[in-house]
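Chemist: Please find one structure pasted underneath; my questions will follow.
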Amino acid sequence: MSQPSSDTQRQPAIVILDFGSQYSELIARRVRETEVFSVVLGYSTSAEELRRMAPKGIILSGGPSSVYAEHAPLCDPGIWDLGIPVLGVCYGMQLMVQQLGGVVEAATGKAEYGKAPLEVDDPTDLLTNVDNGSTMWMSHGDSVKALPEGFVRLAHTANTPEAAVAHLQRKLYGVQFHPEVVHSTCGMALIRNFVYHVCGCDPDWTTAAFIDEAVALVREQVGDKRVLLALSGGVDSSTLAFLLKKAIGDQLTCMFIDQGFMRKGEPEFLMDFFDRKFNIHVEYINARQRFIGKLEGITDPEEKRKIIGTEFIRVFEEESKRLGPFDYLAQGTLYPDVIESAGTNVDPKTGERVAVKIKSHHNVGGLPKDLQFKLVEPLRKLFKDEVRKVGRSLGLPEEIVRRHPFPGPGLAIRILGEVTDEKLDCLRDADLIVRQEIKEAGLYHDIWQAFAVLLPVRSVGVMGDKRTYAWPIVLRCVSSEDGMTADWSRLPYDLMETISNRIVNEVKGVNRVVLDITSKPPGTIEWE
């Protein structure tokens, strides 16, 4: 399988070196919100490689390690002599201090976790427009005991004397808090200060610029070859369809494989929307029985994902021979998909970065090794909010742009355990009620995802003076900005009551509705 080459090839203005923080990608997203392109690289990226990339700034992420630990992850010390501005965040600040001759130790007093008011001592370029007393998010058990030569304090908190520091002449900055999280009220002001005032970046990472570059890169990669797109009807594949149509016109063929795991009425909606309303021809393939047959007796969620992903590509290969030839397979893979399928962390025993696979993503984890297509994935460096902006700019209607995310394997991973036709019918009806009621309440666009999950157990109930023994449905509603982290949505009680009453009365085989109040982390948004 060839590696995708349709990422944007522009050099990043800001490079984030990742030391294992759960917020590393969030830092990248915040920088991009300032219309400055950023990427996340491993902490071991050499100073020479960074010199060749020539970013205007470097950000060192936080991380779970202690800089004085035996196998602590370290950056190339040559970074300090590149003449490139550096901002260290939490662990990144401590690493900067230690490598440049300062002292970092375990906090002797009270460790600082959560919100803390920041007292600004020196409103330099980094802290311009950062209000004195503004709330910042702390999460550290170590602290700076002595600053390196040439460094000065910029701000402090009640428990952290060196909450923000700098070597002003060398443009080396460190903050002990996390400006990237929403809890830091002036965090974005600080990030903008670093990006614009310290680094001198230009705000040129715009939707229009991305579209122009992506179109040019797709044309360069594909040439006069034909491209086959797996169209699902979600915002990702729909945006991709519009982008590819703009780039290569009739060289694009969209194929919708109905694997039987879509939500109620979606196959019909999809065909009408693209084929008739927007004149983008879609080949409809009914493969419902083929997919359900492959999942017979399968209960392991990872195996289900891989079977669906493999079978999906097999159908593509077969249909491409009938409709083709095609050289490229287009996929709507996004940045969080890649991260979640092969996340990285630091092994505290060895200091090495290791893969921590949470779950295979349908686009990137279930592909067979003998894939006959080359991949074109022009969206794989975008976050979901960026994809929505691209979709709007390309003319995609709000009905599609603001649809809730839906996993590639569909309802098959919202049915825990074995997937059957009976369970699919049950879940479709329950899921439709959830979405109908949330839309009726005017909350659909305030929620990241809202859906139903069918559990592989039965519970006792009483309906019409008779004992029932039926499946429970889980109501899963979460709020998020990008899907990387999420909190459970606080729905009104009367809305939850309406949803529950409708499901147990209208959906055959269900006698109980429960609410999932787990955030991500520790849970994931989907149950499988």
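From the backbone N, Cα and C atoms, a Cβ is placed for every residue, glycine too.
Pulled the feature table from Swiss-Prot, pasting it below:
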- 13-204: domain 'Glutamine amidotransferase type-1' (DOMAIN)
- Cys90: active site, nucleophile (ACT_SITE)
- His178: active site (ACT_SITE)
- Glu180: active site (ACT_SITE)
- 205-403: domain 'GMPS ATP-PPase' (DOMAIN)
- Ser232, Gly233, Gly234, Val235, Asp236, Ser237, Ser238: ATP binding site (BINDING)
Chemist: Translate the DSSP assignment of Val235 (ATP binding site) into the three-state scheme.
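Modeler: DSSP call for Val235 (ATP binding site): helix.
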Chemist: From the centroid of the CB atoms of Ser232, Gly233, Gly234, Val235, Asp236, Ser237, Ser238, the recorded ATP site, which same-chain residues not already listed sit within 8 A by their CB, in sequence order?
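Modeler: Filtered neighbour residues, in order: Leu231, Thr239, Leu240, Gly332, Ile400, Arg403, Phe406.
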Chemist: For Glu180 (active site), identify the closest of the recorded positions Cys90, Ser232, Gly233, Val235, Asp236, judging by Cα separation.
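Modeler: The answer is Cys90.
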Chemist: Could you please provide the mean pLDDT value for the domain 'GMPS ATP-PPase' (205-403)?
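Modeler: Average per-residue pLDDT within the domain 'GMPS ATP-PPase' (205-403): 83.
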Chemist: List the Cα distance (Å, whole number) between Asp236 (ATP binding site) and His178 (active site).
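Modeler: About 30 Å separate the Cα atoms of these two residues.
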Chemist: If you measure from the CA of His178 (active site) out to 10 Å, which recorded positions from the list Cys90, Gly233, Gly234, Ser237, Ser238 are inside that radius?
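Modeler: Matched recorded positions: Cys90, sequence order.
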Chemist: Do me a favour and check the Cα-Cα span between Gly234 (ATP binding site) and Cys90 (active site, nucleophile); whole Å is fine.
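Modeler: With distance taken Cα to Cα, Cys90 (active site, nucleophile) is 37 Å from Gly234 (ATP binding site).
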Chemist: Tally every other Cβ atom lying within 10 Å of the Cβ atom of Val235 (ATP binding site).
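Modeler: Neighbour count, Cβ to Cβ under the 10 Å cut-off: 23.
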Chemist: So of all those binding-site residues, Ser232, Gly233, Ser237, which one's Cα sits nearest to the residue listed as 'active site, nucleophile'?
Modeler: Ser237
Chemist: Measure the Cβ-based neighbour count of Asp236 (ATP binding site), defined as the other Cβ atoms within 10 Å of its Cβ.
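Modeler: Taking all protein chains shown, Asp236 (ATP binding site) has 25 Cβ neighbours within 10 Å.
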